[in-house]
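Report on the structure given below.
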Amino acid sequence: MLDKHGRKINYLRVSVTDRCNLRCVYCMPPEGIVKKEHDNIMRYEEIFKVVKSASLLGVNKIRFTGGEPLILKNIDKLIYNTSKISSIKDIAMTTNAILLEDRVEELKKAGLKRVNISLDSLKEDRFKSITRGGDINKVFKSIEKSLSIGMRPIKINTVIMKGINDDEIDDFMNLTKEYPISIRFIELMPIGEGRKLYKDGYISSEEIISRHSDLIPVETDKSSTALLYKFKESKENIGFISPMSCKFCSGCNRVRLTSEGTLKPCLHSEKEVNLKNYVGNSQALLSKINEAIYNKPLEHHMIEEKESKSKKMMYQIGG
């Protein structure tokens, strides 16, 4: 369906849990989070009702996120049932891949089309520091397994932080020359824990691109959040997601369901609609989703205000 600004909204990002097995420095506090009561989070059946209702309003792309979505025991069942909705054409997942190696085959059989893997360093010690304890070898094994079973495309999402991992930019780019893997560099945002790092850690996509004169622009879909490039010898592309330096609101086609059951029409707006109260009434649920999509804000104002208006943390929203 169209929002009141004429944008076609066909993409729903679903945060199935706010829990995670890592505590990345820009996402979670060092002490982790307090586990929510079961009644305060969306159950599998409730999530599926929202997905089903959204599909009736023109949503045909679903991405499951977290926290870490693979913590959810029924994620394969959720993917399978989603794949049986005839109007859903694309089912993706964003994961840290710590648990992916043992589950990627069943997920692909269930209907998962592609994965984005959050990976902010290729160095074992640095990865452990950024994630506060993560084992990078589990991520590498998951990538290898995903490639071996033909999961395509595989994208690596990398949040670039000045003085922390910006010296690895070339290493990440060069992966596209060796493997059929896409890279997405994401600008650090002043949201949640990222506020603490933003002043000293922010580096713009433009600055990175300007250092690499051999990058070749690639035609990009209007609704894409990334500007795409590649090297002459690349197997896949290199994308730059630039919410701070070059916002993409005019072509935004997505809304987000949080693990608590609120629908966020804009990642960086405090406006959201509680859907959990309506999952028992299909007509009311459809009406509330329709209302939220129609009233999606025209744009965020992070560039001007240097801060997200969202009161939620990234692990609660799913990015």
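Using N, Cα and C of the backbone, Cβ positions are placed for all residues, glycine too.
Within K155, K162, K196, the residue that Swiss-Prot lists together with R13, R63, T94, R254, V255, R256 for binding GTP is K155. Annotated [4Fe-4S] cluster 2-binding residues in Swiss-Prot are C249, C252, and among C27, C266 the one listed with them is C266.
Long-range C-beta contacts of S118 (S-adenosyl-L-methionine binding site), restricted to its own chain and to partners at least six residues apart, with a cutoff below 8 Å, comprise C24, T94, T95, N96, A97, I156, N157. Counted within 10 Å of its Cβ, the other Cβ atoms near C27 ([4Fe-4S] cluster 1 binding site) come to 23, all protein chains included. Calculated from their C-alpha atoms, the gap between C27 ([4Fe-4S] cluster 1 binding site) and C252 ([4Fe-4S] cluster 2 binding site) amounts to 23 Å.
Looking just at the domain 'Radical SAM core' (4-227), the mean pLDDT is 96. A distance of 12 Å separates the Cα atom of C249 ([4Fe-4S] cluster 2 binding site) from that of V255 (GTP binding site). Within 10 Å of C266 ([4Fe-4S] cluster 2 binding site), as judged by C-alpha distances, the binding-site residues found are R256; the full candidate list was C20, Y26, R63, G67, K155, R256.
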